[in-house]
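Student: Pasting a structure here, questions to come.
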Amino acid sequence: MVSQSQEMKPLEEKISLNIGGLRYETYVSTLQAFPGTKLCHLTEPQAAATFDYDPDTKEFFFDRSSCLFEEVLNYYRTKQLHCPDLTCKSALDEELAFWGLSNAPLAPCCWQKLAVAEGQKEEYGIWEEDQAVAGLLDQPGRNQSTWRGRCRTRIWAMFEKPFSSLSAKGLATVCLLFNIGICCLFIAKAFEDTNFFPIYILENQITSVLHTEADNPFYAKPHYLLHSELFCVLWFMLEFFLRLLSCPNKKEFLQSPLNVADFLSLFPVYIELSLLGHPTSHSNFVFWLDFLRALYFFKLLKVLKLVETPLMLRVLSYTSRALIKEVFLLLLVLLFEILFFGSLCYFVDIIEDNTDTHFLDIGSAFWWAVVTLTTVGYGDIVPTSLVSKLIGACTALCGVLTIIIPIPFFCIKFQGYYDAVMIEEKRKRQMITLPS
């Protein structure tokens, strides 16, 4: 029978390590598992002179994380590298590089976990970069040393940062009242204009007799609503050009969709005023101006400045831009389904010689496919034959699946961006509160 002392390894084959205040003890042969690494060098005779060695306690000291070192030491023991929970990949890579294990492969279980986390960091981490790009318009002017530069900066802050001063709050309130007023005038004017649509249809389609200016007082003299609209547009024109002149980056300003809408909405009232007193042959053009007036409603989006744009709304806007490729792919799938099911149902009715068909042409079949795939179902056009009804059932089922399946994907993306932004906002607040 072998004695217990013969079964145990000699005491000199053990080595002690002090990692961040915690003592670890292992066999020398364990550290020699990976030659050329720092832990392997500790087993060499000259290690005591090279590293921080305490002859009293007979241990090597390293001021490193004991949590990560446990995984490093277990890698020498088991030849499998794992990563502790709540540890980022950069911290693990730094620790492995310190011990000379930069090329050590992660175990499959931890590799997948870190790969997902790293992918989320790369994907959602660009929020801060895009916020910096989106904030170009908020940068102050380069030349603030002159009174002109300082004046431009103050004007820009008054229009774009309503909470920057008391005067900015007052100006924002006035702008809000004008924005609401112009929209109310547009709606009221639309009710007034409907009284003249029958005259326009009558003179162009039935009698072909033009009314004189006296017959159509709408074009003979300015309407009181038109005067009120002109007053609002004059204010918007002053606001637009003041913002343009004080803007630190005019190229970015002119490329903004809301600013383009503001500029185009200035023209309808002037064009309509120029047609007053002219023959009613211009009435068609005037009615088309009302479509351009619909841009007034974009001014209501400026109300968001008064609430400093909620974080969720900003994340939603960013998510929509980030998922533009996926949305485009979804639209392509819907387009294919519209063309396929619409054509199929149309030609089935032709082959069956269905006299009760609602599909008078291929366009009506495509319209039916659109309202069926989107589960709207107006009911103005419906399949009547048995085969076309079966096709309609398949169309509705495919539409539901096409729309429902991507929804969880979009929700996950939105949640990921929202979590990333919340973490970034908390980090910024902590940095502000830290003592300098």
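Keep in mind that glycine also has a Cβ here, set from the backbone N, Cα and C atoms.
A quick note: this is a predicted structure, and the numbers were derived from the prediction, not measured.
Copied straight from TrEMBL:
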type     : residues : note
DOMAIN   : 13-116   : domain 'BTB'
TRANSMEM : 171-191  : transmembrane segment
TRANSMEM : 224-245  : transmembrane segment
TRANSMEM : 327-347  : transmembrane segment
TRANSMEM : 359-378  : transmembrane segment
TRANSMEM : 390-412  : transmembrane segment
Student: To what whole number does the mean pLDDT across the domain 'BTB' (13-116) round?
Tutor: 86
Student: Which residues, given as numbers and ranges, are at least 6 beyond the ends of the transmembrane segment (327-347) yet have a Cβ under 8 Å from it?
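Tutor: Long-range Cβ neighbours of the transmembrane segment (327-347): 320, 359, 362, 365-370, 372-373, 383, 388, 391-392, 394-395, 398-399, 402, 406.
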Student: Using a Cβ cut-off under 8 Å, which residues of the same chain at least 6 positions beyond either end of the transmembrane segment (224-245) come close to it?
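Tutor: Long-range Cβ neighbours of the transmembrane segment (224-245): 152, 155-156, 159-160, 175, 178, 181-182, 185-186, 188-189, 192, 253-254, 259, 262-263, 265-266, 269-270, 272-273, 299.
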Student: Helix, strand, coil residue numbers for the domain 'BTB' (13-116) per DSSP?
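Tutor: Tallying H, G and I as helix, E and B as strand, the rest coil: 45 helix, 20 strand, 39 coil.
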